[in-house]
Amino acid sequence: MAYPFQLGLQDASSPIMEELMNFHDHTLMIVFLISSLVLYLMALMLSTKLIHTSTMDAQEVETIWTILPAIILIMIALPSLRILYMMDEINNPILTVKTMGHQWYWSYEYTDYEDLCFDSYMIPTNELKPGELRLLEVDNRIVLPMELPIRMLISSEDVLHSWAVPSLGLKTDAIPGRLNQATITSNRPGVFYGQCSEICGSNHSFMPIVLEMIPLKLFENWSMSMT
């Protein structure tokens, strides 16, 4: 989860988020090098007194500044496309959870189990226990098994919402009348926090998401107790 005054990304807890962080660093390095080169050339132009008035064309230079940006764009596009396909790909999910957005709460249905569904509301500030996080705790957490592929089917009952958990690299729009898909695979157990990331009305800020990732055996015990 995020901390006060944090400048970087949240710690990665899924393969997708690890790839996204690597891509962020890769792209940032390219942007830094280009910016440094441009600033250096601007400083050079402002500080030098030399001029070249007789140059009418420079085909070699034009070739370089056409090919070089194309190579840079390819260096950015290839890893981006790889991550895009990784996010869309899902092979033999062990579990499917249907997520519905409402004003202003989430509802979850474990489609592989009978009668395993519940609503998830934010816990009001005056009902929080010591150590709980304001505006982030819910009365019913989503409990999922770790290290296994899980499919999330996401939609909405009313207006546009967005189901997002940053540390897992997830952000999927919940659109009325449309079913979107996302994949979750957590590398480790833990509790992961997210929020609705689409302005959806006056209580948009009060739609937290809490995922609890646990070992498969504990998940089986939890699902039996819930049904």
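Cβ atoms are placed via backbone N, Cα and C, with glycine included.
Copied over from Swiss-Prot:
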type	residues	note
TOPO_DOM	1-14	topological domain 'Mitochondrial intermembrane'
TRANSMEM	15-45	transmembrane segment
TOPO_DOM	46-59	topological domain 'Mitochondrial matrix'
TRANSMEM	60-87	transmembrane segment
TOPO_DOM	88-227	topological domain 'Mitochondrial intermembrane'
BINDING	H161, C196, C200, M207	Cu cation A1 binding site
BINDING	C196, E198, C200, H204	Cu cation A2 binding site
BINDING	E198	Mg(2+) binding site
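Residues 9, 72, 75-76, 79-80, 82-83, 86-87, 166-170, 183, 185, 187 of the same chain sit 6 or more residues outside the transmembrane segment (15-45) yet have a Cβ under 8 Å from a Cβ within it.
Of the listed binding-site residues, namely C196, C200, M207, the sparsest CB environment within 10 A is found at C200. Within the chain, the topological domain 'Mitochondrial intermembrane' (1-14) has long-range Cβ neighbours (under 8 A, six or more residues past its boundaries) at 20-21, 24, 133, 136, 166-170, 184-188, 190, 192-193, 213. A Cβ distance under 8 Å defines the sequence-distant neighbours of the topological domain 'Mitochondrial matrix' (46-59), meaning residues of its chain 6+ beyond its ends; there are none. DSSP assigns H204 (Cu cation A2 binding site) to a helix. Per-class residue totals from DSSP over the topological domain 'Mitochondrial matrix' (46-59), listed helix then strand then coil: 3 helix, 0 strand, 11 coil. Other Cβ atoms within 10 Å of the Cβ of E198 (Cu cation A2 binding site) number 18 in total over all chains.
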